[in-house]
Structures are given as C-alpha cells and as structure tokens.
Amino acid sequence: MHDAQVRVAIAGAGGRMGRQLIQAALQMEGVVLGAALEREGSTLLGTDAGELAGAGHSGVTVQSSLDAVKADFDVFIDFTRPEGTLEHLAFCRQHGKGMIIGTTGFDDAGKQAIKDAAQDIAIVFAANFSVGVNVMLKLLEKAAKVMGDYTDIEIIEAHHRHKVDAPSGTALAMGEAIAYALDKDLKDCAVYTREGHTGERVPGTIGFATVRAGDIVGEHTAIFADIGERVEITHKASSRMTFANGAVRSALWLKSKGNGLFDMRDVLNLNEL
C-alpha cells in the first residue's frame, strides 16, 4: 500500500504515551524510527529509544534538539502538552515536516495556529487515534440525527489519575460530533458542571461528566435518554497501544500529503460512510 518508508520522530519519548509510540514505530511495517525527543535536562537524554520503550536496541538515541535531528524524520508525532506542541508545530512548519498531533487541551488560539500551519504542511490532528473511537464518533452522528432532537444527551468519560485536562479531548469530540449532526455549536449547548440547586434539565443541552481514578486508560459513553428507554454508545480502551498504532498508521497515510488539516476520519475514510 505504501511505496516508501516514512521516518518518524517521537516527542516526549520517556512518557507513557511516548514509549508506546516508539514501540509502535519499531513494529509497524513501512515505518522507521528516525528520532526520539525529550526535554532539555532530562536524565533520559543519550539513552537508546528502543531500550527505553522496552523494545530492544534501536540505534536511535534520545535527543533534546529538533534542529539536531531535522534530517532524520519526515513526520513528527506529538502527544505532549499544548505549549510544547505549538513550539514543535512552528519548527515543523518552517522545515516542511508533516505532523501527527494527539495533544489535547488547546485553547482557541492554539487550534487556530494548527489550522494556519496546515496551509503549508500536512497535519493529522485528532482527539483520539483509536480506530474504535473514530467509528464511535461516526455512530454518534448517525444516532444524533435520528434521536438527538427528543432525547437527553449526556457524555461520561473516565481516565487515570494523571490526566491533566477535563473533559477529555475525546469527550469534547463526541459532543462536537453530536452537535454537528444537530446543526448546533457545542459552545452554545454544552453543560460541564452541575452543583447545588440546578433546576430541571434544559432541553437541547449536552451534559458532560468526568471521572479521574486509578489507571483507567480511557472510557467514554454517550447516553441518549428518553422516557422509557435509552441508548448508550460506549468505547473502552485497555491499552495505550491502540492510540499509538493509530497515530503511527496516520503517519504512513500522511506521507503522501503535501499540506492540509486532517483527522482520523480522513485516515480511515469514515467520511464516505
């Protein structure tokens, strides 16, 4: 399917997701691990990336400077923090590198910076790189078109204790998919907190609830509730390799693109369904 190999660089190589991405890159056919990055001053600098990820010797040492490895990769994969990702984005735009962005928690200015950069480089920007989650998003659009006008819609998400943003990017993507199907703007209909005497539920709103506990990888449920029945659409992840494999698969797909902003629905061709 892919005539040429794609060389990838991994940001945050020492993190939980970074190590999974390194494993996925080393295991996936057609992909070469070209570089692995960590922050300046990290004790992991100079270590072998494959050994760091528990995947054996790779011959790629962890570096702190993108400039030092700019000749070693075609696509940069970033699941770090918004401020770091935006710095990497500027570098990739300047040097014509494709980018896979799985970082969540961007404000409107950050999202606009990604859109602007996509005029010059190819970017896959997704809240979740799991195949199953993206199929779920498509199912939510279909369900919302049929049931969304007369049901109460709630989104519940659960993640591990270390996750720093809430609601999760995936939960927000679920809300956006539902709102899009109903010709609404999520900003106008989302309810993120309920406390005290809230009064009755406002019709047409989309509620969000967040759980942070233990080592939960990721669980998301959308509820369409009517009187007498409800439909629940749920996705549960048991391993971060699901996300890592999707991200690396996206890098393969992105290799042939010159510029533009894409998401996993483009990669999986779900927009044709």
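Quick reminder: no glycine exception, Cβ is built from N, Cα and C everywhere.
The annotation in Swiss-Prot ties Gly12, Ala13, Gly14, Gly15, Arg16, Met17, Gly102, Thr103, Thr104, Ala126, Ala127, Asn128, Phe129 to NAD(+), and of the candidates under consideration, Glu29, Glu38, Glu83, Glu87, the one tied to the same site is Glu38. Neighbour counts of Cβ atoms within 10 Å were compared across the binding-site residues Gly14, Gly169; the minimum falls on Gly169. Considering only the recorded positions Gly12, Glu38, Thr103, Ala126, His159, Thr170 ((S)-2,3,4,5-tetrahydrodipicolinate binding site) has Ala126 as its nearest partner by CA-CA distance. Of Arg16, Arg39, Asn128, His159, all annotated as recorded positions, the residue with the shortest Cα distance to Gly169 ((S)-2,3,4,5-tetrahydrodipicolinate binding site) is Asn128.
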